[in-house]
Amino acid sequence: MERQYLTDQKPEFIKRAMRCRCPTVMMVVMTCSASTQSTRPFLPIVDLDQRKKRPFYGVKSDVVKVSSTLQLALRTDKKSRKDSPTPLFGNMSPNKVADIVKEPKYDTFASVPTDSSGPPSEDDNYAAQCYTDMIEDTMRAPMNQEQYDKIYGYRKPDHPHPVMVRKLLKFSKRYTRPFQSPMAFLDMILSFVPFIKWFPRYPWSQNLAADIIGGCTMSVVQIPQGIAYAVLAGLDPVVGLYISFFPPLFYMFFGTSRHNSVGAFAVVALMSRVAINQYSTLNPASHGLNGTMADDGTFYYPPAVVGSTLAFTVGLVHLAMAVLRLEFICTYFSDAVVSGFSTGAATHVFITQLNAFFGLKGLPERNGAGNLLWKLNDIIHALPVKINYVTTVVSVIAVVFLVAGKNYINPYVVKRFRLPVPIPFELLLIIFVTAASLVLRLNPDYKVAIVGSLPKGMPDAHLPAWELIPKLLPYAISISIVVAAIHISLAKMYSKKFGYKTDSGQEFYALGFTAFLSSLFPLYPICCSLGRTVVNVDAGTKTQFSSVFSSAIIAMLIFFIGPALRTLPMCILGVIIMVALTGMFRKAAELKTLWPISKYDFFTWVVSYVATVFWDVTPGLGIALSFALMTTVFRTQWPKWFQLMQLQGTDEFNARYEKISDNNGVCIFRFDAPILFTNVERFKNCVEKALNHWKEEKPRLIGPEDLQVKVVDKNKTIEQLNEVIRGKTPEEDWFKNIGYRHFIIDCSGFTFIDYMGVNALKEIYSDLHKQHCLVYFAAAKARVLDMFEECGFYKYVPKSNFYPTLRDAVQIAKKRRTQGTFYLLDQIGAKYDPVEEQFNIHTVT
């Protein structure tokens, strides 16, 4: 029975192809549709050179390519027909080809209409595929990885030493290079003090005025916050002036960030308070530098000594991190961790200030797990009997004054009168209430707690308590990590915004040197404050030179104005802290944004906050960091997988677009994660799911479902005939017996693979081969290929199964698929001819 595959009614694009005036063109179109109207496969073979009948030079068979494309295959030399043929577009670039196909003689492409308002038509799909094939003709021939390496000369890295030895040599050279010459040693010393490099080039005419205004503004903000946070840390209020004066000056010499404001910070003050309460005397007003012995033999130190020793230990940790190049640790502090932890610590600070807000006295200190709940319980039980109503009224008035001034008056005044800096309502509040407290005698008559006398002048320098350093080291490590994470993140953010560079390694040295020098005076660990840094930027500060002017104003307060603050009520300091924390509490609004974007970040924020609030500040930080690291494991353990398709008119592959080319018999699988022992089972399950999904899709191949039949014999029905067909070729047998299918694994997502991952690929290769699937590995990174070679993977899987790009693998798979097409046609004909003769049926065309 002779089969006629050429249809009588040709599609429009075939007619246009036949009108093409190219000298010699061969068109081979093969369409296998699963629809009910056009299911008979047709194979039109047309010689478009109708003027002269000539053979196709260089064609070894009568079929060049079988695909749903118009293939412009060969062009002969017009001068000599005996010359070897050349590709139609030769080795032209894709842009040149695009210009050529717009010419009238190639109206096959230029005149195809495109309707962008609706779904792609058959002509649109066909034109896009034609253009894809022409672009492919201008590229290099597809090849496997072994051929690619041989042709282009793969050079394997030649290292005389293993990786660990190379890293140790690099690490040692970093620290031995400065001692090779006196100049190198001098350069190393000067590199620790960036001030020497940038200050001689300071643009006085451009930056001086801005730095003066910025420095004065910062002093106004630092004074009230410094005093308040010093009380929060369990130290004397005057310590707040010291921590606002010394650290900014020292940081100016060593830091590379122009806008970071170092000094007091609420979270660090609270974390320092835990250590200070643990090792200090019971009298926080003690200024002596000698410790005391308790009845149980425990040696206690003055709070100022514990605070300065803690600052020294934090600086020691920062220097160790700088020397060991451990700045990468800050990368583990995601925004969700920092935000959740900061909000949780702000909750601790807020609850702690309720004592001063209501004037409660004599409440016990609570430490350890759940101490915040115990503090809240103590406050609730003490309110009915210990509340000071005058203190409460003063606190409420102060809250109203600050909230109204900062949230309503300041925005209006700054916008209306174009003020360069906002009105310092905190400083105004301190001045007004201090004067009112003195006039109204709030302390002697109404028992309102006040700051008391402040020492006049600069404190004496003293060395830290060396024997206390090992005891404070656990506290210092947690504080130093928080300080580094906040400081580095803010430095990078504003350096990127204003277009200058910061050195993370030098910033660790700067924090360490600043802490060392500051610890000579009675203060506690320093940190960069987000609120003050924002004010610093808004004030127009240009460089760290602004610290000179802010410290000058604070020095005047220390020497001359400090004693005037003795009547300042303590509740005002608590109110300043509580109002300043409102910005941190607003970070809870991030949860609404995080939930639809990333569930991992959402739960990281929640865990960070809950652990900090219900456990304690330092353990909460450890829990938050541990959970954040666990989420990275979760992300790699359950990654996404995709089944890719080729986009029309391109050599790109994606899974989320509609205009795609049909890769009959070819499945492209992508796994977006490294293959490690944590996700090996997930990877194998995903491959199995992709394979089953591929089976269920039933791509448009020449098979039983592609032929529609109608019954001629009256005694038979269509249902009975279909049962006969299905009985001869069950679905599962059909999948196994059509010949090899092609399963391509896109390895571009494998950033790393371990030994268990290599074994998993061996299993997958073996299992798919048993199911008559050829497995291709495409676009593997060089490090992954090296891992395959080290593990002996090429002994089980030939290197010819690897391809440098996904395009190579797909094109070779299509060619292999095409080579078996006519064999399948013969097999199908042999299978269905007896059925047609038995039931006297014919195919529908």
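Positions of Cβ are set from backbone N, Cα and C atoms, glycine also.
If you look up TrEMBL, you'll see 227-250 (among others) marked as transmembrane segment.
Annotation comment: TrEMBL describes 300-324 (among others) as transmembrane segment.
Residues of the same chain lying 6 or more positions beyond the ends of the transmembrane segment (336-358) and with a Cβ under 8 Å from any Cβ of it are 231-232, 266-267, 269-271, 372, 375-376, 379, 383, 387-388, 391-392, 395, 449, 482, 485-486, 489, 570-571, 573-575, 577-578, 581, 584-585, 587-588, 590, 594, 601-602, 604-613, 617, 620-621, 624-625, 628. Residues or ranges marked as transmembrane segment by TrEMBL: 336-358 (among others).
According to TrEMBL, the transmembrane segment annotation covers 387-409 (among others). Sequence-remote contacts of a segment are chain residues at least 6 beyond its ends whose Cβ falls under 8 Å from one of its Cβ atoms, and for the transmembrane segment (387-409) they are 356-360, 422-423, 425-426, 428-429, 433, 442, 446-449, 569, 571-572, 574-576, 578-579.
Residues or ranges marked as transmembrane segment in TrEMBL: 421-440 (among others).
According to TrEMBL, the feature transmembrane segment maps to 472-495 (among others).
Summarising the annotation, TrEMBL assigns transmembrane segment to 507-524 (among others).
Among residues of the same chain six or more beyond the transmembrane segment (544-561), those with a C-beta under 8 A of the stretch's C-beta atoms are 195, 199, 202, 207-208, 210-212, 214-216, 218-220, 222-223, 238, 241-242, 244-246, 248-249, 251-252, 255, 257-258, 456-458, 536. Per TrEMBL, transmembrane segment is recorded for 544-561 (among others).
Under the heading transmembrane segment, TrEMBL lists 568-586 (among others).
Annotation comment: TrEMBL describes 606-630 (among others) as transmembrane segment. Residues 267, 270-271, 274, 332-334, 336-337, 339-341, 343-345, 347-348, 367-373, 474-475, 478, 481-482, 591 of the same chain sit 6 or more residues outside the transmembrane segment (606-630) yet have a Cβ under 8 Å from a Cβ within it.
Per TrEMBL, the feature domain 'STAS' maps to 656-813.
Long-range Cβ contacts of the transmembrane segment (568-586) within its own chain (Cβ-Cβ under 8 Å, at least 6 residues beyond either end) map to 224-225, 227-229, 231-232, 237, 266, 342-343, 346, 349-350, 353-357, 359, 391, 394-395, 398-399, 402-403, 406, 426, 429-430, 433-434, 437, 442-443, 448-451, 530-531.
Taking residue pairs at least 6 apart in sequence, the transmembrane segment (421-440) and the transmembrane segment (472-495) share fewer than three C-beta contacts under 8 angstroms. Long-range neighbours of the transmembrane segment (227-250) within the same chain, counting only residues 6 or more positions beyond its ends whose Cβ lies under 8 Å from a Cβ of the stretch, are 218-219, 261-266, 269-270, 272-273, 276-277, 280, 284-285, 287, 303-304, 307, 349, 352-353, 356, 451, 454-455, 459, 513-514, 517-518, 521-524, 526, 547-548, 550-551, 554-555, 557-558, 562, 565, 568, 570, 573-574, 576-577, 580. Proximity of distant same-chain residues to the transmembrane segment (507-524), defined by a Cβ-Cβ separation under 8 Å and at least 6 residues beyond the stretch ends, is recorded for 192, 230, 233, 235-236, 239, 242-243, 246-247, 250-251, 253-257, 262, 268-269, 272, 276, 287, 304-305, 307-312, 314-319, 321-322, 326-327, 458-459, 461-464, 480, 483-484, 487-488, 491.
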